[in-house]
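Before any comments, here is the structure.
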Amino acid sequence: MDSSGGKKNTVSEFSYMLQRQGSDDSTEAAAFDDINSLMKQNNESSREETLSSLPQASFNYINSIVGSGVIGIPYALHRAGFGLGLFLLVIVAVITDYSLILMVRCGHLSGRFSYPGVMEAAYGKAGYYLLSLLQFMYPFLAMISYNVVVGDTLSKVLLRLVPSWGTAMGPVRFGVVLVVTVFVVIPLCLYKNVSRLAKASFLSLACVVIILFAVVYRLMAGDYAVVPDTPESWRFAHTDLIPAVGIMAFAFMCHHNTFLVYQSMRNATLERWEKVTHISVGFAWLVAVCFGIAGYCTFRALSQGDLLENYCWDDDLMNFARVLFSISILLTFPIECFVSREIVRTQIKRFYSHEVVEYDTDKDPSHATGAEEDDKSVATTLVIVLAAFIISPYTECLGPVLELNGLLAAIPLAYVLPGLAYIQLSPHSLWSREKLPAAGLVLFGTFVTISGAALLVPNLIGDCRTGIIMGYCKDDELAVNGTSMLGMTTPACTSDAV
């Protein structure tokens, strides 16, 4: 601030001297213009240094897309059928690509470059509160899925180290989630500078890529060639299309970071944003399809909602992958918790006070720094984390949680609301070439959400179980310790249980 003030004083003094001299000399006038021009260039250059180039913006966006959702893609291919599932994966990627571009168009139409700002500009308070509900639901359900994943993965690693614990996998799984919640999750979620944790997204992406290499290696090495085929193994299509779309939508969900990445771009334009979106979604699709093909070709109809559940408990390479996946999850958990907390905190503040709070302006709570910390924020954080911990034991399989979050939160956030916002903000006719794709996006998202909820919610609590050794992983030592065995043709988390 002092530096800029000094520059302004220098320019003012120089201007005053020129006026005192009363000179009309063009050289002096040009010198004054050059100083102004130089100052503008310095300010612009300093701002440019903090902005991202097109490749950097693409990498940042890839970081926000590729995450834990890809681990469920083989299960989605099992639900939809291998051939039709791959086709659906392309469709979901294309639709996601279009919706991300549509969101930035809405930002330009409304002059509000945040998701809450766009929805408030389009539909007022109704749009604002609907978005708030969905933005809370999505990360909260994600936290539940993270607890499920951590409980499943780390319990297998512990069982490898202490085989005798195999007689009580349920208590071991619960204990793992409890210890991780108390000693890792809560301290990270109470960490004031959550924005620093967001920078660890590169490490999370690196973990996912290493896991992918491990999955592909196990397929190529033929270590699981003993996995039996069933009549369902290579069927082109199944009837469970809607749950499969929910899992895929969850894997591509990144819309809450759209404007953050867009505003970080150098020379941000719609054309450059389209390139970033195409590159990022294309790479994310490549990772997802590699996970899907490699995982499904290894386990076929036995593919689980958490692919790592399929691998034998004495597979040390995949146990290492389980540890990496848990690290990736734990790095992401505080970010999701912080988004949920900020939405709750903002709604409470808005309810009890008439003053404008951060979320009421053009700022998305998912982009806040986390610097403000008080007793209420601590209490809200503890309530959210403990609620996710209490709910997570009610399901032992990741598949239903991914489906539920994808259908009830991810699809409305990714497809329905961007389409509705564009229809409201765009001056074109509803039947115009510009609006018809947006209307189709809304209809697609609405149909999948409603039909998926009708199919999924009544069957959420079933006989889905973990802690079971797959038939192709039979091991005498584990069998002696009393861990239950699974037959050669029945998956541990059957689709009928979902």
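Keep in mind that glycine also has a Cβ here, set from the backbone N, Cα and C atoms.
Fair warning: this is a prediction, and the values are worked out from it, not measured in the lab.
The domain 'Amino acid transporter transmembrane' annotation in TrEMBL covers 52-456.
Sequence annotations record features per position, and here TrEMBL assigns transmembrane segment to 59-77 (among others).
When Cβ-Cβ distances below 8 Å are used as the criterion, the transmembrane segment (83-105) is approached by residues 73, 76-77, 115, 118, 236-238, 241, 244-245, 248-249, 252, 254-255, 258-259, 262, 270, 273-274, 277-278, 281-282, 284-285, 288-289, 292-293, 296, 414-415, 418-419, 421-422, 426, 437-438, 441, 444 of the same chain, each at least six residues removed from its ends. Residues annotated as transmembrane segment in TrEMBL: 83-105 (among others).
The transmembrane segment annotation in TrEMBL covers 126-148 (among others).
According to TrEMBL, the feature transmembrane segment maps to 168-190 (among others).
Per TrEMBL, transmembrane segment is recorded for 202-221 (among others).
Marked as transmembrane segment by TrEMBL: 241-262 (among others).
TrEMBL lists 283-303 (among others) with the feature transmembrane segment.
What TrEMBL lists as transmembrane segment is 323-344 (among others).
The feature transmembrane segment is assigned by TrEMBL to 407-425 (among others). Residues 95-96, 99, 102-103, 105-106, 109-110, 118-119, 121-123, 127, 130-131, 134-135, 137-138, 141, 242-243, 245-246, 249-250, 252-253, 255-256, 435, 438-442, 444-446, 448-449, 452-453, 456 of the same chain, all 6+ positions outside the transmembrane segment (407-425), place their C-beta atoms under 8 angstroms from a C-beta of that stretch.
What TrEMBL records for 437-457 (among others) is transmembrane segment.
Between the transmembrane segment (241-262) and the transmembrane segment (168-190) there are fewer than 3 Cβ pairs closer than 8 Å, counting only pairs 6 or more residues apart in sequence, which means the two stretches are not in contact.
Within the same chain, residues 52, 85-86, 88-89, 145-146, 149, 201-202, 204-205, 208, 211-212, 243-244, 247-248, 250-254, 257, 261, 264, 276-277, 279-281, 283-284, 287-289, 291-292, 294-296, 299, 303-308, 325, 328-329, 332, 398-399, 402 sit at least 6 positions outside the transmembrane segment (59-77) and bring their C-beta atoms closer than 8 Å to a C-beta of that stretch. Within the chain carrying the transmembrane segment (283-303), a Cβ under 8 angstroms from the stretch's Cβ atoms is held by residues 58, 62, 65-66, 70-71, 73-78, 82, 85-86, 89-90, 93, 208-209, 212, 215-216, 218-219, 224, 227-230, 232-234, 248, 251-252, 310, 470, 491, all 6 or more beyond its ends.
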